[in-house]
Amino acid sequence: MSSTVVVGSQWGDEGKGKITDFLSEKADVIARYQGGDNAGHTIVFNGQTFKLRLIPSGIFYADKTSVIGNGVVLNPQSLIEELTYLHDNGVATDNLRISDRAHVILPYHILLDQAQEKAKASKIGTTNKGIGPAYMDKAERIGIRVADLLDHDIFAEKLHQNLIEKNKVLTKLYDEEPLNYDDIFETYYALGQQLKGYVTDTSVVINDALDAGKNVLFEGAQGVMLDIDHGTYPFVTSSNPVAGGVTIGSGVGPTKIDHVVGVCKAYTSRVGDGPFPTELFDEIGDTIRETGHEYGTVTKRPRRIGWFDSVVLRHAKRVSGLTTLSLNCLDVLTGLKTVKICKAYQLNGETIYHYPASLVDLDACQPVYEELPGWDEDITHCRSVAELPANAQTYVKRLAELVGVEIATLSVGPDREQTNILQDVWNA
């Protein structure tokens, strides 16, 4: 038995989908444990590019089981669209399993998300997908789960009760039109019936696989710095992308987690508002954004760009228990005369090495950089660190030293062949 968790160790968009897809080759089960359709991942399979939001990357392998765990908030409409998209492109989905305990995103969640964000003076940068309101209902114990969605009478009763309260908020607080009960019930009950064949107790599926000695890969969404507890609160998501979220969001005990792979870029990116100490506002930032095609998979918003921040990565290592790193997008830095790594912050005249919780302190933090010479050589063909130009080797090795975690995979381009194994996590 072996289990590996793939987590984003920055602010999301680190290339987790590609790494998960790469590690899926030796996995028997691939499971999502949190988030919803607010974060997309891009996978290149058989020369074709696929963009998924809910379905795990393992769906492309017919001999593997793909799981949407109980910690995910699920929009049935988005999921049906994604399944149709895969079917239209010749991808079978018989290997998908959906937790009966996952909570369902309904139209009032999306409308409330939009209305709340519009009303705020300070924007969090929501994707308007209803994720936050769905998790709020879950915490308030009024959420509707997949198991409820499949039961005609229970769904009818819960939806009726919820809609009374939601329409009060929508109409009286946000001056929105009320939602129609019959329209929602008919549409979403029908969607639930379309998904019924995929629904099961996924905790049993995953634990049975582990007990049988199979390899299980857990796939997170977003990143550690967007974690509701350990991220840049309140500019965070509504769930726990950290590795600890696996136990809650998939129904697997912590003693069954063996490895945690932290995925990161060779620089840093962020979508939406919030602290970003190493952010670049110059031509170098623009160059990295365009070279790296740094635009959101779901939102299409241009991502904010900054230098690699080892303070952030050490924070991710500590709170998520990273055992190895997966370094992506090294090729994007090719051609820069100088590359920088943030090794610490200056705060009120003091050098600090840990990420502050206070937004006031974060705004006052000035990055302390190490400057290293860049490289001009094409590295997209390199298949090991030893094949990299000397300056690129120095950069990679220094990143690992500052973070204190070994690099297990190194990517020098978007294709699978450009992802190089330096250490096999399944045999570690």
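Just so it is clear, glycine is given a Cβ too, placed from its N, Cα and C backbone atoms.
Annotation comment: Swiss-Prot describes 12-18, 40-42, ARG303, 329-331, 411-413 as GTP binding site. Under the heading IMP binding site, Swiss-Prot lists ASP13, GLU14, GLY15, LYS16, ASN38, ALA39, GLY40, HIS41, THR127, ARG141, GLN222, THR237, ARG301, citing sequence analysis as support. Sequence annotations record features per position, and here Swiss-Prot assigns Mg(2+) binding site to ASP13, GLY40. What Swiss-Prot lists as active site, proton acceptor is ASP13. Residues or ranges marked as active site, proton donor in Swiss-Prot (evidence: sequence analysis): HIS41. Marked as substrate binding site by Swiss-Prot on the basis of sequence analysis: THR297, VAL298, THR299, LYS300, ARG301, PRO302, ARG303.
For the IMP site, whose annotated binding residues are ASP13, GLU14, GLY15, LYS16, ASN38, ALA39, GLY40, HIS41, THR127, ARG141, GLN222, THR237, ARG301, the maximal Cα to Cα separation is 34 Å.
You'll find the Cα of LEU330 (GTP binding site) roughly 17 Å from the Cα of ARG303 (substrate binding site). Listed binding-site residues: LYS300, ARG303; maximum Cβ neighbour count within 10 Å falls on ARG303.
Around the Cβ of ASN38 (IMP binding site), the number of neighbouring Cβ atoms within 10 Å comes to 27.
In this structure, the CA atom of LYS300 (substrate binding site) is 11 Å away from the CA atom of THR127 (IMP binding site).
With respect to GLY12 (GTP binding site), the closest of these binding-site residues in Cα terms is GLN222, chosen from ASN38, GLY40, GLN222, PRO302. In sequence order, HIS41, THR42, ILE43, VAL44, ASN328, SER411, PRO414, ARG416, THR419 make up the list of same-chain residues 6 or more apart from LYS18 (GTP binding site) whose Cβ falls under 8 Å from its Cβ.
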